[in-house]
Amino acid sequence: MNGWKRFLQFAPLMAIVLLLAGCGEQGLSALDPMGPQSQWIFDNMLLSLYVMALVIVVVFVLFFIIIIRFRHKEGDDEYPEQVHGSTKLEVAWTVIPILLLAILAVPTITGQFYLSVGAEDIAEDEEDIGDLGDADEEIAEEDIAEDAYVIDVTAHQFWWEFDYPEGFTTGNEVYIPEGEEVVFQLEAEDVIHSFWVPALAGKVDNIPGVTNHLWLEADEPGVYMGKCAELCGPSHALMDFKLIAMEEDDYAAWNEEMQQEEEEPEETLAQQGREHFEEEGCLACHAVEGEGSAQGPTLTNFGDRNQIAGFLDYSEENLRDWIRDPGALKQGTNMPASPGLEDDELDAIIAYLDQLEAVDDETTEELEIQ
Amino acid sequence: MVSEATNTLKKSVFWDWMTTVDHKKIAILYLLAGTLFFLKAGLMAVIFRIQLIAPEMEFISGQTFNEFITMHGTLMLFLAVTPIFFAFMNFVVPLQIGARDVAFPFVNALGFWLFFLGGLLLSLSWFFGGAPDAGWTSYVPLASREFGGVGIDFYVLGLQISGFGTLVSGINFIVTIINMRAPGMTMMRLPLFCWTTLLTSILIVFAFTPLAAGLALLMLDRIFDAQFFIPGEGGNVVIWQHIFWIFGHPEVYILVLPAFGMISEVIPAFSKKRLFGYTSMVFAVLIIAFLSFMVWMHHMFTVGIGPIANSIFAISTMTIAVPTGIKIFNWLFTMWGGKLTFNTAMIFAASFVPTFVLGGVTGVMLAMAPVDHLYHDTYFVVAHFHYIIVGGIVLGIFAALFYWYPKMFGHKLNETLGMIMFWLFYIGFHLTFFIQHILGLVGMPRRVYTYLEGQGMDTMNFISTIGAFLMAVAVIILIINIVYSALKSEPVTVDDPWDARTLEWATHTPVPEYNFAQTPQVRSLDPVFYEKIHGNGKMKPAEPLDDIHMPSGSILPFFISLGLFIAGFGFISFHLDLFISPYVLIAIGGIVTFGSMGLRSMQTDHGYHISKETVEEMEKELS
């Protein structure tokens with residue numbers, strides 16, 4: 001694999017690729033892979049690009065020779081020789097493409113097993129090669145390696161729910177430890193969605209009634225952008241999420257913190273906010289620290305969020321607009337507008353939400369820099 | 001017009017076109033209707049490209065955007081490109097095989113009216129609560145009653161009706177090409193355009209039937225509360241995707257094969273050479289047509305069907321590249337050693353070859369299933385299929401339009417305007433779509449109505465929209481060209497204005513109602529060219545001059561379709577608040593349709609004859 005990589009990196013077309021990698025945002029663009037899955041995909045995309053570039057060059061060179069050399073000249077009205085064909089040439093352009101495709105077919109099949117969850121164990125086990133058919137079936141829980149860290153992802157119109165094995169839930173932002181293989185178990189609540197973190201992995205669909213799996217790994221700590229890739233309604237474009245990879249220790253601390261019981265807010269304003277939050281019936285959809293319903297995104301660590309509702313920058317002003325009339329910002333959202341809310345009540349609620357944190361500010365800053 | 005001198009003279013122009021069963025007039029009806037839908041769908045594309053010109057634009061809402069992209073795709077595929085192909089097939093195929101008409105002229109007219117009224121029914125959705133909004137693929141559950149708007153009822157019934165039209169037309173072409181060939185026109189002398197029409201028609205028969213079944217299930221789900229696609233009630237949403245793509249992938253080849261055929265006509269004509277490797281060209285399309293049914297799951301690599309199934313479909317998809325490659329090189333070597341004349345038709349046809357290669361290679365890249373997890377549902381896919389559909393199919397259509405226009409309308413299109421149009425369209429096309437490959441790779445999913453600032457997508461989207469404007473200007477220039485040429489162009493009086501090769505150029509311009517006064521005797525591939533070299537330049541007749549039997553026109557195809565239109569609207573109106581009961585509409589529609597069918601069954605209509613004398617008179621006048 002390493003030799004392969006080196007070859008690809010020194011191939012002359014690398015210049016174009018570097019140019020391409022210049023496009024797009026780090027942490028989002030798949031041209032700047034940040035994990036083993038996306039690296040594999042990127043390398044093999046380049047492989048296919050090189051093979052295809054060969055085809056393109058041959059066709060284009062022929063084409064331009066033809067349109068320059070064989071133009072009709074004034075006064076030359078004789079018909080050219082009527083050629084029927086050429087067996088030699090025709091065999092050549094049948095066999096050569098087959099060989100080129102064979103080159104691409106190998107990583108296509110091996111990659112399919114490497115990238116899917118559970119199946120790679122079966123593929124590696126030479127003796128069991130006859131049982132390959134099993135990989136076709138839905139992967140049972142026990143097929144996933146026992147030490148794998150599995151996070152349940154449930155997609156909703158238009159937000160993401162992440163359930164951790166430790167029993168707590170986050171909304172729209174998922175935290176993972178860096179350098180560790182994490183398995184996502186993908187489900188959907190209403191319509192089909194598709195879970196995609198371009199910089200880390202390919203996408204796999206969240207389908208109602210079906211359970212899919214995807215594994216990925218982040219090489220470095222950082223904030224990665226995630227998107228919904230399957231049309232799911234009017235606000236499909238705004239169904240973004242964040243994947244936050246943390247250093248192992250930070251992650252452990254965060255995970256511990258998330259499992260804690262809710263602490264009483266320290267400030268009075270936030271305490272009032274908590275009361276309003278309950279009075280207004282927010283808990284009917286938004287749980288905090290496991291208390292309340294899971295109809296909407298859990299707000300346990302809302303204060304840590306990079307974005308409100310997955311796409312608005314985290315600011316007091318945006319949060320105010322959002323709570324007032326979510327539908328105006330995200331068409332088709334299930335969250336109702338709150339026109340009757342007094343300004344001071346809203347301020348209190350915002351103060352309450354802002355102090356719901358599970359990560360200290362220092363770690364957050366570090367992550368953002370990366 | 002001379003062709004109307006006999007039977008049709010007594011009719012008003014309007015009545016004549018409503019009742020016509022003449023394949024040449026039906027062709028023009030198809031061309032007009034298809035062009036209208038093409039312009040409508042193109043306009044939608046311009047509007048949603050404006051929405052995407054800058055990040056976080058609020059030109060149209062997410063809901064409207066979804067309706068536009070759904071209608072853009074649906075109209076372009078079902079109601080614009082397919083009918084435009086039918087226009088050329090209808091006009092050209094009977095002439096190329098030396099026939100007087102298609103096998104079933106009545107069914108031909110029925111096919112047109114079913115398609116047109118089905119299309120109108122779909123378009124009515126704008127006036128009743130909004131167009132369909134679940135994408136042209138209408139994936140459930142987004143397209144189910146619970147999550148999808150009433151527009152999807154229009155999608156289901158409109159497509160069902162227009163699908164029937166496409167289906168019967170497909171059957172008609174199969175029978176025509178198998179049975180109606182002139183003496184000596186063996187299958188291996190059939191022009192490539194006829195071969196691709198035949199295969200497209202076979203694909204239609206096998207692909208539109210699963211679509212009809214799928215649409216029927218979706219209709220039962222939506223209108224009669226069935227649960228085929230409702231998860232949690234025993235339904236399965238993935239089944240819809242299978243049914244849809246078992247239709248949907250062959251549909252791509254239904255569209256691209258006729259374009260291959262057109263290119264295979266235009267390139268030899270303007271290279272002055274016969275098609276290189278004719279036999280391998282025929283077998284290549286046969287293989288492509290066959291394989292097109294073996295690859296549907298490559299649209300579903302991310303659905304989670306498992307690595308084994310994905311691998312099989314990845315490999316079968318890759319194999320399609322082989323016959324396609326054969327075609328590309330055969331086209332190139334048809335031009336090699338030829339004497340190329342680059343008029344508008346030829347420049348469109350020639351530019352098809354490298355453009356299609358660009359679309360084809362991304363197809364192979366997409367076939368690599370594990371890497372497809374990156375491309376799937378991103379702008380990379382959008383770029384890929386527009387390189388096939390616009391860079392392949394639409395370029396083919398423009399080539400065909402400029403090539404066959406003099407035969408169809410009796411005058412050529414203006415060359416200067418044609419060249420301006422070509423360059424605008426070609427540059428605009430690459431500007432719009434090339435950059436979209438990269439947009440997909442930097443993380444832009446398809447079907448998003450907006451994108452956020454600071455994601456590295458602003459400039460590329462801007463360029464893409466500018467390209468779309470250029471393409472729109474090119475299409476406007478085409479319309480100007482059509483009007484200008486109709487007013488100013490010299491009428492074409494010769495039979496063969498391009499010095500071409502196939503049998504349609506042996507008929508008079510304009511083509512008389514009966515096409516060939518005497519059925520020609522075909523002695524070779526490219527029969528007209530053969531007679532230029534080996535004969536006196538005229539086709540030898542295969543029969544003595546005699547009275548010509550012609551089918552009579554009928555208004556019944558229109559009424560059969562109208563009945564289905566009314567009944568279809570009745571089914572939709574279960575979920576509309578109308579002043580009239582749905583049952584009444586369904587009853588009226590049923591009576592009109594089945595009444596017309598009954599009438600047709602009981603009518604005795606043997607058609608009519610054009611007398612030998614009239615034919616002689618008309619032939620003299622035309623030559």
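Even glycines carry a Cβ here, placed using N, Cα and C.
As recorded in TrEMBL, the features of this protein are as follows:
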DOMAIN    B:9-523  domain 'Cytochrome oxidase subunit I profile'
TRANSMEM  B:27-48  transmembrane segment
TRANSMEM  B:68-93  transmembrane segment
TRANSMEM  B:105-128  transmembrane segment
TRANSMEM  B:192-219  transmembrane segment
TRANSMEM  B:239-263  transmembrane segment
TRANSMEM  B:275-296  transmembrane segment
TRANSMEM  B:308-333  transmembrane segment
TRANSMEM  B:345-369  transmembrane segment
TRANSMEM  B:381-405  transmembrane segment
TRANSMEM  B:417-442  transmembrane segment
TRANSMEM  B:555-574  transmembrane segment
TRANSMEM  B:580-599  transmembrane segment
The answer for the transmembrane segment (B:192-219), taking Cβ pairs under 8 Å and residues 6+ beyond its ends, is 85, 88-89, 92-93, 96-97, 138, 140, 143, 152-153, 156-157, 159-160, 163-164, 166-167, 169-174, 177-178, 226, 228-229, 240, 243-244, 246-247, 250-251, 253-254, 257-258, 260-262, 264-265, 275, 278, 281-282, 285-286, 289, 292-293, 571
Same-chain residues at least 6 beyond the ends of the transmembrane segment (B:275-296) with CB under 8 Å of its CB atoms are 188, 192, 195-196, 199, 202-203, 206-207, 242, 245-246, 248-250, 252-253, 257, 260, 264, 267-268, 313, 316-317, 319-320, 322-324, 326-327, 330-331, 333-334, 336, 525
(Q) Any contact between the transmembrane segment (B:68-93) and the transmembrane segment (B:381-405)? By contact I mean 3+ C-beta pairs closer than 8 Å, pairs at least 6 apart along the chain. (A) yes
>> Check the transmembrane segment (B:105-128) against the transmembrane segment (B:555-574) for contact, please; criterion is three or more CB pairs under 8 Å, pairs 6 or more apart in sequence.
In response: yes
Long-range CB partners for the transmembrane segment (B:580-599) (under 8 A, at least six residues beyond its ends), listed in sequence order, are 556, 559-560, 562-571, 573-574
Model confidence for the domain 'Cytochrome oxidase subunit I profile' (B:9-523), as mean pLDDT, reads 94
